[in-house]
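So that you can see what the record holds, here are the features copied from TrEMBL:
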TRANSMEM  111-131  transmembrane segment
DOMAIN    164-305  domain 'Peptidase S54 rhomboid'
TRANSMEM  206-227  transmembrane segment
TRANSMEM  233-251  transmembrane segment
TRANSMEM  258-281  transmembrane segment
TRANSMEM  293-313  transmembrane segment
Amino acid sequence: MHALPNLLMSKRFLHVFHRSIIQSKCNSRLAHCNTLFQLNSSPQLRLLSSQLPVRFAQFQTAASIGTGSLPAAFLQFARTQLRNATHRDLLRFRYSSSRRPPRRPNWLDSINGNVIFVAILAINGGVFLLWQGAKSTYQTTRDPTLLIFLRDNFLVNWQNITSGRVWTLVTSCFSHQDINHALFNGISFYFMAPGVMQALGNSRFLGLYFLGGIASSVTSLVWNRFYKHESNFSSHGASGAILATIAFYACAYPRTTFFIFFVVPCPAWAFLPGILAFDVYRSVTDARTTTDTAGHVGGMLSGIGFFLWRLALRR
């Protein structure tokens, strides 16, 4: 008779002992989870932290049913609830925080692309008419005022840069004196610009266009000043900016067919390296020509670089 109560007391003691051990382990895991939650300010983690006591209470209720199911219930809780609360959602939070924020809408992209397209053509046409008017005025009245103004503000040369007129790196890209030069660049821009603008958007297209123009001007300055040692060399024209758009389009769509001089068909993957090699050869061999081939090379390289930069951003 006395052995039975002792046996019952020993089983009750073991039951209480098991519950105390499991509860202490769960409390230690909960303390570890709370530490992780305090280190991260994610709303999702705070929500999980508030739900953990409820889940622990459910586990504690289930554990009080019998001593035989306690280890299995505890392992199931540790493998599912605690792991989900600490590891899986934490990794999801870290991944979402490392993603780049969405691009903000640009007011340039809200403008109709035709407005920018026509504006660039109009500026080039307006500067061309100013050159013709300045030449005509000088020939009739011998007044060089307008001619000097255009020379100081719409030609890129070493003297203008050293005099502080650095804006000529950009303004020279809208300047044409010869009718053939203006028509050829205008027709090239007319056929190439809409496709590139549609692929990039207005703001990125303008970034590419100005990048090509500036790179063309800088390349022309450096090449003629330090390689050819010509300090009186001046350059102007939109060829560098237009070739930057052509180079980008050829890299993005290499199977597109280009027409050399608007007649000879050539795939883009062959046209770009061919025209680049041709201009490099003419620049190195110092061919006596009025074409700024070094500026062409700078424009094409900037278009290729812009494409590679855009490609790297997508990875």
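Cβ from N, Cα, C; glycine included.
Automatic prediction, not curation, is the source of TrEMBL annotations.
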Residues from the same chain, set at least six apart from the ends of the transmembrane segment (293-313), whose C-beta lies under 8 A from its own: 207-208, 211-213, 215-220, 223-224, 235, 237, 239-248, 251-252, 272, 275-276, 279-280, 282-283, 287
Among 111-131, 206-227, 258-281, stretch most in contact with the transmembrane segment (233-251) (C-beta, under 8 angstroms): 206-227
DSSP residue counts for the domain 'Peptidase S54 rhomboid' (164-305), split into helix, strand and coil: 99 helix, 10 strand, 33 coil
Sequence-remote partners of the transmembrane segment (258-281) [C-beta within less than 8 Å, at least six residues beyond its ends]: 187, 243, 246-247, 249-251, 293-294, 296-297, 300-301, 304
Average pLDDT across the domain 'Peptidase S54 rhomboid' (164-305), rounded to a whole number: 92
